[in-house]
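If you scroll down you'll find the structure; I have some questions about it.
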Amino acid sequence: MYASNLDWCLKLNFLLGVHPAKQKSFTQTLQYLFIIFGSCAIMILTVLLLYYKEDAVSMKDITDVSTNFTMFPHGMIKLTTLYMKRAEILDLLRRTKEHFWQIKDDREDVKRSYKLAKLLKNLFFNSVVLFIISAIVKPIIIGGNTLTYKCHKPELIPRWLFLIFQDAMCVAILFTLSCTDVLILTLLILTQIQFRMLNEKIQTIHDNEVDFHDRLKECVDHQNFLMDFVDRFSKVFSKTILLFIGNIILSLCMCMYIITTESANINVQMEALFHLIAGLNEICLCYSIPAQTLMNEADEVGKNAYFSKWYEHPKDAKLILQIMIRDQKRMVITAGDFVRIDMEMFLTACKTIVSYCMFLRTMSMVDQ
């Protein structure tokens, strides 16, 4: 059922040159390097634009090109993670296929989770597509010397060719963000369903005395496996998520500043608005909501074990105790072992974005 989301991610991985099962492919490496060097080129050309500016660089000049210094590093970090961690990501995908308990498609709660995952993916991807369209259409509508991303254009390169290059980089970077975020979203929801199934098995384990010890041992082993799976997941994505949070807060702060600046061009404001919507959707839908639901489900394992009829099977009490002791080490999804990923983090990020936006407005008034 969830294979569609993972297949979708793997198809994008192949296009971006980071398919986890093709680690020895020279073509994949060339695709990856093209996107990395292309993104670096746009950032260097942006620096040259500010360097060659005749007047002093103002706050408006910086905000006009802020996307180049936030979105492209963001995409490069995630793309490099997908490239450098291909073996680990492949291991995670294999573990979901080989060791996860089989999910029955006729379960209503599973259907709801599947619809939620599909809805979150579609909402986020649609907001990304909206941002891509707004960025690509802008130079076509305005015309003149307008570019997809404001930067220095070498005189030897025709405008149409440079636009194609910028549009290709725009699509590649935003597809990288979509691919990484949907992969993380799907893995979190799949793990949350596994914890839910574990809770249900613990709750009903005393309803049948047949093979009680073996079924209880299976619960202990599956809990250990899931905790280990989350640890492996964190080792792959934790640092990347931390860099993402810092980057996205700065990026959305700039977007809000542009939107609330009366002197800003309406086209720039609309592009900033689409960027803001996509960014907030990314934080909330792909990280905060699935991580929060996963941690909530994992917290129930120890409680269900404690309130089970363990006293009816004193010989197996040690296994129940193992579950409760393992649950004492709370499972927390963090960014770099520093920031807890949950809905509180999302609200804190929103407040931080607004606070920094107000600070920038104050600084711009002082400059005037």
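The backbone N, Cα and C atoms fix where each Cβ goes, glycine too.
Okay, so TrEMBL annotates it like this:
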- 32-52: transmembrane segment (TRANSMEM)
- 123-142: transmembrane segment (TRANSMEM)
- 162-190: transmembrane segment (TRANSMEM)
- 241-259: transmembrane segment (TRANSMEM)
Which sequence-distant residues neighbour the transmembrane segment (162-190)? Criterion: at least 6 residues beyond either end, Cβ under 8 Å.
2, 5-6, 8-9, 12-13, 15-16, 35, 38-39, 42, 71-72, 74-76, 78-79, 81-82, 89, 92, 96, 100, 113, 116-117, 120-121, 124-125, 128, 131-132, 135-136, 139, 147-149, 153-154, 233, 237, 240-241, 282, 285-287, 290-291, 293-294, 333
List, by number or range, the same-chain residues at least 6 past the transmembrane segment (241-259) whose CB is under 8 A from its CB atoms?
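Here the qualifying positions are 63, 66-67, 70-71, 73-74, 77-78, 184, 268-269, 272-273, 275-276, 279-280, 282-283, 287, 335-336, 338-339, 341, 345, 349, 352-354, 356-357, 360-361, 364.
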How about long-range neighbours of the transmembrane segment (32-52): same chain, 6 or more residues beyond its ends, C-beta under 8 Å?
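Result: 16-18, 61-62, 65, 68-69, 72-73, 75-76, 79-80, 83, 149-154, 165-166, 168-169, 172-173, 176.
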